[in-house]
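Q: Quick one: this structure, given as structure tokens, is what I'll be asking you about.
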Amino acid sequence: MAENLKRLVSNEALRTLQEKLDSWLKEYNTNTCDQNLNHCLELIEQVAKVQGQLFGILTTAAQEGGHNDGVETIKSRLLPWLEASFTAASMGKPVDSKVPSLQNTFDRERRKDPSPRDRDMQQLDSNLNSTRSQLNQVQDDLAETEKNLEETKNRSAISLLAAEEEINQLKKQLKTLQAQEDARHRHTDQRSSENRRSEPRSSEERRCEQWSSLKRNADQRDTEVTSDYKKQLRNLKEEIAVLSAEKSALQGRSSRSRSPSPAPRSRSCSRSRSASPSTAVKVRSPSPNRSKLSNVARKAALLSRFSDSYSQARLDAQCLLRRCIDKAETVQRIIYIATVEAFHVAKMAFRHFKIRVRKSLTPSYVGSNDFENAVSDYVICHLDLYDSQSSVNDVIRAMNVNPKISFPPVVDFCLLSDFIQEICCIAFAMQALEPPLDIAYGADGEVFNDCKYRRSYDSDFTAPLVLYHVWPALMENDCVIMKGEAVTRRGAFWNSVRSLSRCRSRSLSPICPRSQIGLSTMSRSRSPSPIRCGLPRF
């Protein structure tokens, strides 16, 4: 910029301009109109050249200032001057500095009437502030909840420690009493033997009778004391089991509140172990925490897990399938069939597991009347020995040969492994209840039962027949514990018949090698009836 400024000064253009103005003023009255116009145009051209050089210097100076420096100066001085100059030139009036500039007019209009963008920004700011306040409130609530959970957990741990300490004291007292009784018995035996040696033969029989009566009385007292202590010990063990269950529930709830998304089930690691009860009898001892839980508590926990599977795990599985399948009906059919197959496989696995437990416990309970109770207690204590991964593989194989969802193969059912594993674990644990829980039988085209099912939102609420099922109903004997969900449409019976005929033709087609593999596998495990293959199994 300094070079341009030096060049402008060295040209002496402004001095020449002043000299021309003075000479024109002297000759103005003697010149003609054309001569005056020529002088004026020459001056304008010279001024334009000077002005061009000044604008170049202005541009260079603005560039040296960066992106932000000089912006306010240009807005406050250059823009109003250009506006006034162009306005005066267009109207033929001299430049008046008192005329309000266009920039000032724009500023006044902007302050007077804010633009929609400004209003949107203000609305977004207000929404952001409210969201931040809500987030802070939720964080405070979460911190308070975690604090309460921690306090409850500490109280439960203290109660558990106190109960264990009391049990240890009772065990010590029991050992002390047993030692005293043994010492008393030994002392009584020694006295009786001495008396038998010192007294004559006639009194020896009387002494024996007295000693036997004393021994019977002592044994009776010992039995009563031992039974009392055993009752107290059993009650304390039951209290410890309940406290342990509450502690585990609180720990699971606190871990779920800390994690934002449901992680893979931690039970899957323990359930993937060997399911052989014979080895478990040698290595593991029955845990009182599981065996002493009441049937009502286990039933309530399983119902809660089954409800969570319907409300959360089912929707997660639908989201996974919707990435590969666009049709919502197919997705819901796949999830329903997966649930039904999971219950079927879990029930079969429970029967085999109970048979193995019977075989392994038979030598230990020969001639005992509590054999069935021992089997039930062992099964309840060792539900984590269930090989859920093997059941998941069986369910996926059964789904691969189901004609309703496997032809044509549009998705790999391994996507649903986590969902199937959770349903298998729930169904397996439900078989250990008294009485066991099971799902209701459902077939496409059946009459809609309002006691068992709810209609889905996209159903025809006047249709009497079920087009397909979304979720099975949960039954206890013949009573409905939890309703399922079904879709009802007009003409559902004929649609089911047509789909069944198509399934038969496709499953028996020699062109598709997958159907042949599925039929061979199915003939080994289940009945090859096409109706049984086409409809859900239990």
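Placement of Cβ uses the backbone N, Cα and C atoms for every residue, glycine included.
Relevant sequence annotations retrieved from Swiss-Prot are reproduced here:
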type: COILED; residues: 118-186; note: coiled coil
type: COILED; residues: 220-256; note: coiled coil
type: COMPBIAS; residues: 106-122; note: compositional bias 'Basic and acidic residues'
type: COMPBIAS; residues: 123-137; note: compositional bias 'Polar residues'
type: COMPBIAS; residues: 181-209; note: compositional bias 'Basic and acidic residues'
type: COMPBIAS; residues: 216-227; note: compositional bias 'Basic and acidic residues'
type: COMPBIAS; residues: 253-278; note: compositional bias 'Low complexity'
type: MOD_RES; residues: S85; note: phosphoserine
type: MOD_RES; residues: S156; note: phosphoserine
type: MOD_RES; residues: S159; note: phosphoserine
type: MOD_RES; residues: S285; note: phosphoserine
type: MOD_RES; residues: S287; note: phosphoserine
type: MOD_RES; residues: S509; note: phosphoserine
type: REGION; residues: 1-273; note: region 'Interaction with YWHAG/14-3-3 protein gamma'
type: REGION; residues: 92-137; note: region 'Disordered'
type: REGION; residues: 174-227; note: region 'Disordered'
type: REGION; residues: 247-292; note: region 'Disordered'
Q: Restricting to the same chain and to residues at least six past its boundaries, which positions have a Cβ under 8 Å from a Cβ of the compositional bias 'Basic and acidic residues' (216-227)?
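A: For the compositional bias 'Basic and acidic residues' (216-227), the far contacts come to 174, 177, 181, 184-185, 188.
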Q: Is it possible to get the count of other C-beta atoms within 10 angstroms of the C-beta of S156 (phosphoserine)?
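A: I get 20 for this one.
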Q: With H, G and I counted as helix, E and B as strand and the rest as coil, say where DSSP puts S156 (phosphoserine).
A: helix
Q: What is the three-state DSSP composition of the compositional bias 'Polar residues' (123-137), stated as helix, strand and coil residue counts?
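A: Residue counts for the compositional bias 'Polar residues' (123-137) by secondary structure: 15 helix, 0 strand, 0 coil.
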Q: For a quick check of packing: other C-beta atoms within 10 Å of the C-beta of S159 (phosphoserine), how many?
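A: Around the Cβ of S159 (phosphoserine), 16 other Cβ atoms lie within 10 Å.
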Q: Along the coiled coil (118-186), what average pLDDT does this model show?
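A: Per the prediction, mean pLDDT sits at 89 for the coiled coil (118-186).
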